Structures are given as C-alpha cells and as structure tokens.
Amino acid sequence: MGPGGRQSAEPASTEVFGDSDFVVVANRLPVDQERLPDGTIAWKRSPGGLVTALEPLLRRRRGAWVGWAGVVENDVDVQDEPIVQDELQLQPVRLSADDVAQYYEGFSNATLWPLYHDVIVRPIYHREWWDRYVDVNRRFAEATARAAARGGTVWVQDYQLQLVPKMLRAMRPDLTIGFFLHIPFPPVELFMQLPWRTEIIQGLLGADLVGFHLPGGAQNFLILSRRLVGADTSRGTVGVRSRFGEVILGSRTIRVGAFPISIDSGALDQTARDRNIRRRSREIRAELGNPRKILLGVDRLDYTKGIDVRLKAFSELLAEGRVKRDDTVLVQLATPSRERVESYQTLRNDIERQVGHINGEYAEVGHPVVHYLHRPVPRNELIAFFVASDVMLVTPLRDGMNLVAKEYVACRSDLGGALVLSEFTGAAAELRHAYLVNPHDLEGVNDGIEEALNQTEEAGRRRMRSMRRQVLAHDVDRWARSFLDALADSRPNDSADAAD
C-alpha cells in the first residue's frame, strides 16, 4: 500500500520482451468475443475509425493491440496467448465482474467521466474503485510490456488507462510511449477535486508525448504538472499539431500537444454517394410522411449529449409557431449506453418522458412529431438518415470532439443540409460554418435551429462546402500520422530518471 493507505501505482520491473514494434493499448480490443452454440469461441470485428486508421501501420510494423475482449472472466491472472485475427495480433487482458463494476463502470465512468465533462453529473469518489483502477491499469501495462519489442513504440488510448504510461515506463524504459485522451481534459479547478489528482498526472507523465483534442486541454495539463508535480514546463501557448508544450521531469522532457481527432471522411463520402444509400434516404423521407423539413439527432444516450436540450428547443419552437407541426419532424436515434449505471437509467426515463409529452401535445394520430429510437442503428442506415435530413442537431453540454458532426458533413456531397453545433464540442473549433449555439442558452438554441431551417439554398451550400473542405482534408489518417510523427520525434532519454 502507498502512503495514507492508498494502493501503490508502482509496478514491478520486467525484462520480458515481445516481438511487436508498435503496440496500441485501449480499454477494448477491436474485436468482440462471441461464444457459439457449440461452445467454441469466435471473434467479431468491431467497426471504428481508430482501428481503420492504425490497421495499415499495425500490419507494416508487426503491430499488436492490447485490450479487453468484452467478456467477463473469473481467473484474471491467466495470461492468454495472443490472438491473430485478420492478420492482426491481439493481446487480451482479462477483466472480472468486479473489475467491470469498479474499474470501468465505477472509477472510469462514474468518477472520471463526469469530472472531465464539467461535472454535469456529480462525480463519485470511492477508494475501492481507485484501487481497482490501479490494479487493472497494472495488468494492461504488464500485458503491453510482454508484447512490445525492444525499443518499440506504444500508443495508449484514453481515460481508462491514464496510469499505464508511468507503469510501463518503469517496466520498460526502452519504449517510446504516447498517450492520447479522447474526452475533454477539465479545467484546473475541477481536476483539483480528484483525491488521486497527483497520481493521475504522474501516470500521464510516464509518456513521451501526451495528446489532447484541443490546445485548452494541453494548457490545463501543463498547469497541473507545475502545481501537482513541481515540474518545470514551457509557458507559451500550444498550437494544433504544432507549437508543443514541454514538461521537464528530471532528465526527461515530455511533449504536450493538441491533435483534433477525425473520421474516415473519404470512405463516408464515397458510401453516401452510393445509389442504394440515396434510394434508402428517399424511402426514409416517405416513411416519415414526406415532411418539408427533417431534424436529426444521433447520439449515445448520455447526459453529456444535450438530447434534452434539443427536445426542449423543439417543443418551444412548436409552441411558439416558429416550426409548423404538420411539415417538420424530429428524429432522435439514441444508442443504448451504460445501462447498469443509475444516472443513465434516469436519463433514459427523462428523455422518453419528454418525447411522450411533445407527441402528446403536438402529434396527430399516426403522425408523431418526434420519432425516437433507442437501439443501435446499422451503419448504412445511419448514413441514409444523414443524407435524408435537413438539419443535424449536435447539442452536447460538453464533448471532446463529437465525430457525428463530422460524419454528417462528410455524407453531404450534395451540399444540402445544415449543422446546428454546440460551442462546447471540440468540433466547433474546426466547423466554424455550422450554426454554433450555447446549449445552456435555450433561446439561443431555438434561434439557431430556426435559422438553420430557414437558410437559403445558396447560404447553405456555401456553409456546407466550407465544412466539407475541412473534414475531407483532415481525416483520421492525418490525425494518426500527425500524432505518431510527433511521437517519433519524442524518443525517450536513457537515464536513471526514466521512471520518475
């Protein structure tokens, strides 16, 4: 145990070397384990922009992916052999039911997630959750140390694994280690609430390069490195994919940068042009009664996404007659998320109550004004909805980036449609020709939606053309290359301070 009864985040050193020159470490593997009726195990590929961007590099550099397979195991101390799936080497890390409850649902998603999203919901602080977070991070670090070749490169992903860089540095000081945070990094005064604030910052400082979506997150991290660890840091501003900050820790220099993540925009653009997608988009409009305007929301069912905000705005616009109920519909596609967490159960009940109230007030029999689906939607069906809709509503209270906004833009080769976008998304810094709104200002959201609905064709095409230029030029491949190029320039120094 560490000081004050805390579980120590210090791992034991290891001298075991693997054969993978490049290792990605993430909470989940890019495959899901399935048990077939005959009892055998099968692996199903999970779609995702990250694996799409990194797959060529993983193949070229004898790469491996370390992560959880998505199934609960009883014996977590068993070291599974690597799996080869579609020529990719995958190294599973086992999690028990208690691990999932305490490390994932607990510390990751009931402590860190709300804290990093501006405390929209109050974070819960439990020492038992922290201890389990330390333990699981150690297991990920150990699996990575076994997989990585001598002098290899490791890229650790996201908030669930913030202790892995320091642990891995202690085990394998020969490695080049990068870390990227896919969610917002909070303001200093909010982060300081965390009882284990110093341990998290120290964990991240085990990396050679720490990446965030936006310069603001990088600046917050530099301040916290000075305040909590006593490190010397650069004082200038951090730029996007340039002008890196630096943290000096012993004889090590850690670079800190901003790398806005993106999507496989070229592939989406091509798919959205497909004849079958276009036909399906017309069918969707017909199934909705051929309304004059379709508003669309696509989100995980999460309290950060502001689904309630757009429903309130739509209700007020209907009440004030600024939107006509006989020619405008709102479609909300809400993917189930973290259904065992109480705050998410409450959110679902609240959203469904709102939908029922709006339809009860404004719908006609057989013609609801809000169409709500609480289930996953197949990828091509989602693309057809993007093509069919007139206004995309993206109204999070806080979001690290929001890739749905970029996906919508990538699908609109016709230059149709409009994007209403929260100022509190990372995407707002890049999609400046969206209708930007403050989700905390309901009247402002109402005005933004009304303006988007009533834009002229010329203005809409001009806005969409500008946003598409940005999204198509800055795709997920460019994001990955920019991070990894910066990481290659951040080779670790050989020193006795490597694990400081």
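Cβ coordinates come from backbone N, Cα and C, glycine included.
Cross-referencing Tyr104, Tyr125, Tyr372 with the D-glucose 6-phosphate binding residues that Swiss-Prot gives (Arg28, Asp158, Arg338) picks out Tyr104. Around Tyr104 (D-glucose 6-phosphate binding site), a 10 Å sphere centred on its CB holds 20 further CB atoms from the protein chains shown. Its Cβ placed at the centre, Trp113 (site 'Involved in alpha anomer selectivity') has 22 other Cβ atoms within 10 Å. Fewest other C-beta atoms within 10 angstroms, among the binding-site residues Asp158, Glu407, are seen around Asp158. Spacing of Trp113 (site 'Involved in alpha anomer selectivity') relative to Arg300 (UDP-alpha-D-glucose binding site) is 14 Å (Cα to Cα, whole number). Around the Cβ of Ala405 (UDP-alpha-D-glucose binding site), a 10 Å sphere holds 29 further Cβ atoms from the protein chains shown.
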